[in-house]
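Beneath this line is the structure, given in structure tokens, with notes to follow.
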Amino acid sequence: KPLFQDLQRRLSFRIDEASKALETAKQGLLDALVDSTFKFHDQPMLPSEVLHPRNASFHCIHQSQNERPTLAIPQSNFAPVGEISEAIEILQIEGEIPEDFPEGVYIRNGSNPLFGALHSTISILGKSSEVWVEGEGMLHALYFTKNSSATWSVSYANRYVQSETFKIEKARQKPCFLPAIMGDSAAIIAAYILNYMRFGRMNKVISNTNVFEHAGRVYAVSENHLPQEICIQTLDTGDSWDINGEWDRPFTAHPKVAPGSGELVIFGSYTKRPFLIIGVVSADGTQLKHKVDLKLDRCILCHDIGVTLKYNIIMDVPLTININRLIRGDQLIKFEKESYARIGVMPRYGNTESVMWFDVEPFCMFHFINCFEKGDEV
């Protein structure tokens, strides 16, 4: 019996070694295939392809009505900024910080390509390119602290959001994920397949669109993945937030706090059915209190949701994502100007049948300014 157990252990060890060797060989072959077939090129740093206020969010902890101080960082026009190792004290401040300004931190998130530029690839299958909303997420934080002498100490720090795909490319010290949004359909389809075979994901987790706070926790997010918790003191990246395992799809970049209840209204769009799901998270962040499939018949690039005291506002616009269209040689993302558009008014805890839809002319929008109720009108 001891001899048999020893042989079993040895055999198990050998099988594990062989399995690891095969996996390494497979990864090496896939890497060699990509390196020999796809050539990465830096895109020019044009204003339309880099961080811009329309692709950035600024989150205020302890929000103030006073005008926000600004910080200028010398840098080449439109170039990504470098990650600094620790917070830097700001010694030269123009103007004055009001005496009653609240202590706290302002955090901004936005696209900051890891290797200096957005990328395109060229291969025998054609060209595919990253678009201006891509690029790794970088957090920029301004810390305001009042000293015992009633003077202000201000410091600045920045750090990349440490997503799993960021860590992969950081370790390899080169771009690895093939662009898979814009370009020739054959190149994009190949990018999906090869990215998944190599890394288990079809696209990068960029977490570069927003920073939001709920139930005392702060998260960085983009709408192709779950939010990732952020430590506001160190800008360290924590775990992904799936609401205790109850949310299993992409998460909106712009969740909204419901007036009065403090609940968080969220949604997630996906390229296959169910295309759009609305959710309501408890005020303490521990429970998904409501979840409903709106049963849309298309995948829309839905970026924002509106909330009032009692309703959720949904924009069903004809900016669509369609894999079948891509396979036919057309664009993955397209504005279907001959299609339909409508605005949905949904009770906070409503179901699919309770949504009141208003047909409107085809249009496209990304962000709400405001939604409110006045008497019987929304």
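Note that Cβ sites are derived from N, Cα and C of the backbone, with glycine treated the same way.
What TrEMBL records for His254, His303, His367 is Fe cation binding site.
The local packing around His303 (Fe cation binding site), expressed as other Cβ atoms within 10 Å of its Cβ over all shown chains, amounts to 20. Long-range neighbours of His367 (Fe cation binding site) (same chain, six or more residues apart, CB within less than 8 Å of its CB): His254, His303, Asp304.
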